[in-house]
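As recorded in Swiss-Prot:
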SIGNAL    1-29  signal peptide
ACT_SITE  Ser199  active site, nucleophile
ACT_SITE  His221  active site
ACT_SITE  Glu653  active site
Amino acid sequence: MLRVLHRAASALVMATVIGLAPAVAFALAEPTSTPQAPIAAYKPRSNEILWDGYGVPHIYGVDAPSAFYGYGWAQARSHGDNILRLYGEARGKGAEYWGPDYEQTTVWLLTNGVPERAQQWYAQQSPDFRANLDAFAAGINAYAQQNPDDISPEVRQVLPVSGADVVAHAHRLMNFLYVASPGRTLGEGDPPDLADQGSNSWAVAPGKTANGNALLLQNPHLSWTTDYFTYYEAHLVTPDFEIYGATQIGLPVIRFAFNQRMGITNTVNGMVGATNYRLTLQDGGYLYDGQVRPFERPQASYRLRQADGTTVDKPLEIRSSVHGPVFERADGTAVAVRVAGLDRPGMLEQYFDMITADSFDDYEAALARMQVPTFNIVYADREGTINYSFNGVAPKRAEGDIAFWQGLVPGDSSRYLWTETHPLDDLPRVTNPPGGFVQNSNDPPWTPTWPVTYTPKDFPSYLAPQTPHSLRAQQSVRLMSENDDLTLERFMALQLSHRAVMADRTLPDLIPAALIDPDPEVQAAARLLAAWDREFTSDSRAALLFEEWARLFAGQNFAGQAGFATPWSLDKPVSTPYGVRDPKAAVDQLRTAIANTKRKYGAIDRPFGDASRMILNDVNVPGAAGYGNLGSFRVFTWSDPDENGVRTPVHGETWVAMIEFSTPVRAYGLMSYGNSRQPGTTHYSDQIERVSRADFRELLLRREQVEAAVQERTPFNFKP
């Protein structure tokens, strides 16, 4: 156990950022010595799953297929109902299995050819990896067969699942949620669980650490709802590889992964890998280069479950243009979607090869296959190499910036039809920079390290925007650039930063103006803000008021620039914006914020953690940390308050792991919402109190550690 207090972390961050000696000292273990080679991994002689006290499966397999089988079995035990539902959707049978609520998803996936393409992709896997996919599916089936009462009757019809189902789910998640989403194509915008995605990542080189060991932060921020973004923690060991980390349920490979030699993490990068084309309809077809072209119209249908349990066949009218499948928006606009990477069946195997690479060269060779369609990927290893890659399948475009390609692109001319994509070497990347770290917090790829090593002028303008970097992203750069001699403990403390950077940038102008306002309530609010330490801690009495003011000053998502005296500039990407352009207007906004805070929370000085609660099952504990656009590096997005002024997380920290590549590796982390959501589980709310206390648990890699913590053993036999 390693506990890091919120206040201690805040004090440490403040001290280091302003250049003072650290105000807090942690009880540290002796520095780990670093032999020339990592310790040998445990080599299993039998197949078994050892479950620790937090429901984490430590899966030991005599070979790769056995480990994948055990991993499928473990996922089914922990999340079986949800995985089967996701697999049923990816088959294009959600409407048939569960009715009209799934009809739009079914139409989206069938029109885009996901189930059919998944069958093709499955056949294109290498024989060895196809065997792993089959084994993973077999593990899911075996759990369901052995424990039929633990699987909801609603989803049993999906069984048995196949390796092709595994591919279909991964294909849907990556290519038709992350890269192309129905909301963007249909003009409805992304749903909150997709739009609010975010993550933090750091990799630190040995020269910037106290013990000469590289450090890595894995810290995805996603929706807390139960869906395709729910994370699962696991540990796989065979004689040939070891993988620890987390990934979305239903995936057979761990994307946020590490072992005794190396680790990787991912953040959403916003690469525009899909293009939505506005078609001009004419004479039953569409205009293209001055000619009317007919649509391709393949025959298709699907089944729809009725309220009485029967199903009916429904015809599906599919139209395809030269660009891709065509959809009709609510306003009648015909939109064709073209998705890059539909010729890349090897995403899962590439991830597996990346996280089992024996060297950075091997890792880069796997990355260069360009099968992973999107994401920033950050790497660190025991040899001291760190790397940031703005990864993804990026179309080569002859003209236009990213704003043009994010919108509706004219579909009546071949000048906008892309046919090629960029190789890895064309994309922004940094390896072992002079600053000694790489980072990304969903910012564009222009400040992956500090000082910067390239500029936007070095790349096509359609790759990434030159728009304001969020205050969270700016804080990420500052926390790394302004801190040296990092230990793992200090690294963990910095990860807990929940400073309101926007308060630092605005309160010096707002408070003096509010103090001279004739309204006593405004003056009292100004004094409250002046006494605030500008941290989103549970005992803060001004944080809720500031949040309400910032919502008026910078907009509902806290990202507006108009109110600042000095707007964001690419020339000063981590110190702008700042100042208040119109102090009088800002004071009027404070006046409104006072009323809003009272209405929502009962008082302007209600403690932050009294209103912001971590509630799962019967656990109800105070929360800390805030919105990333306010500058909090540790992120929680809160629901609207209820009638009692209480709100809970809807998005934010899910999996967090901090790794030191010592010998042996040391790692600490948490899965905020627990490691299982299957009915009857005891591992849904069992980590939330630790989240509230910032009490990270040690992640157990060595066999002796696992044996000391084991709560249950599951031996298994696997025969392909």
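Positions of Cβ are set from backbone N, Cα and C atoms, glycine also.
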In the chain carrying Ser199 (active site, nucleophile), residues 6 or more apart in sequence that have Cβ under 8 angstroms from it: Asn219, Pro220, His221, Thr265, Asn266, Thr267, Val268, Asn440, Ser441, Asn442
Cβ neighbours within the same chain of Glu653 (active site) - under 8 Å, at least six residues apart: Asn219, His221, Ala625, Arg634, Val635, Phe636, Leu670, Ser672, Val691
For His221 (active site), the number of other Cβ atoms found within 10 Å of its own Cβ: 26
